[in-house]
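Step one of this worksheet: look at the structure below.
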Amino acid sequence: MSNKAATLLAALSGAALVAAHGHVSHIIVNGVYYQNYDPTTHFYQPNPPTVIGWSALQQDNGFVEPNNFGTTDIICHKSAAPGGGSATVNAGDKISIVWTPEWPESHIGPVIDYLANCNGPCETVDKTSLRWFKIGGAGYNPNTRTWAADDLRANGNSWLVQIPADLKAGNYVLRHEIIALHGGSSPNGAQAYPQCLNLRIVGNGNNSPAGVAGTSLYRANDAGILFNPYVASPNYPVPGPALIAGAVSSIPQSKSTATRTASATLPGAPVVTPTAGPVVTTSSAPVVQPPTTTLVTVTSAPATSAAPAPTGGAGVAPKWGQCGGNGWTGPTVCASGSTCTVLNPYYSQCI
């Protein structure tokens, strides 16, 4: 049996045991829509489309756990391989990165963006050779009392990041990531969701920031990884290296509207300087009322204890859904075949 067939069978047999978190669906830049790799469909297609996003064994929309932060899985997700094409953008452009499905309300945490120069075609680059520098990293905002992941949800499940205007032209990989901290108070409880996309950046800049290997970005016990997000006023240190000179933690967030779609640019194609679309619109994100139930996936759970007998809360929480925790007002009774289990004082889950 082929490796792909074996993986397919494993994924199908485990379908009932997993629940979606998310992946990047597409990006919008200068009004142009570029499709990302879809791990929930493209993996199963004999001839998937050529896209800008890196493929990964993320069929469950799952995560990379802290115990694997020293492995190549943290670079661009599990067993990631380069996308077959790229999107051409200008240095200084703003890129809207759109996730699917809706990011869970419970999965609070930072949103972090990196770039790495491929020094050649990104479509064939060795991911271990990439050196990442941070161009954005937003955590907890004490003024709004929101996490960056909250802001992403409120912004239509999208995040706006800006390419440095003085960046040297070349082929780069954009590494965009959410780190969910709902289980972060326990060892190996944080969840990293790295997503990688190939960019061909054009411009006249000469800035070539130094970077670090992907396997050196984080450690399992870093202050921003092993962290309790449920304290009254979190003083949260965004993990990873410092922002490059001139970068900010995040730019003002707005939603972007695509006016046309484009296919990934294949290696060796002529460089065409992109121009802004004539009717691209952006708007401040409306406040999105979060749902009262969530679905989560756990690939490995920290030591747990049985939850107290469920009380209050209407309805039934699905397997892998939240069923308790300080302040929780949703369902506390689990679906048949699962038990409400305490992961920490703030989060209990049907396991």
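Indices start at 1 and increase along the chain as displayed.
Cβ atoms here come from the backbone N, Cα and C positions, even for glycine.
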Listed in Swiss-Prot for the Cu(2+) site shared with HIS107, TYR193, one of HIS21, HIS26: HIS21
Disulphide bridge to CYS196 as given by Swiss-Prot, partner from CYS76, CYS323, CYS334: CYS76
Separation of alpha carbons, GLN191 (O2 binding site) and HIS21 (Cu(2+) binding site) (Å): 10
Whole-number Å value for how far HIS107 (Cu(2+) binding site) lies from CYS196 (disulfide bond) (Cα to Cα): 20
Among CYS76, CYS196, the one of these disulfide-bonded residues whose Cβ has the fewest neighbouring Cβ atoms within 10 Å: CYS76
Secondary structure at CYS76 (disulfide bond), reduced by DSSP to three states: helix
Subset of binding-site residues (HIS107, HIS182, GLN191) lying within 10 A of CYS76 (disulfide bond), CA to CA, in sequence order: none
Integer Å distance between the CA atoms belonging to HIS182 (O2 binding site) and TYR193 (Cu(2+) binding site): 14
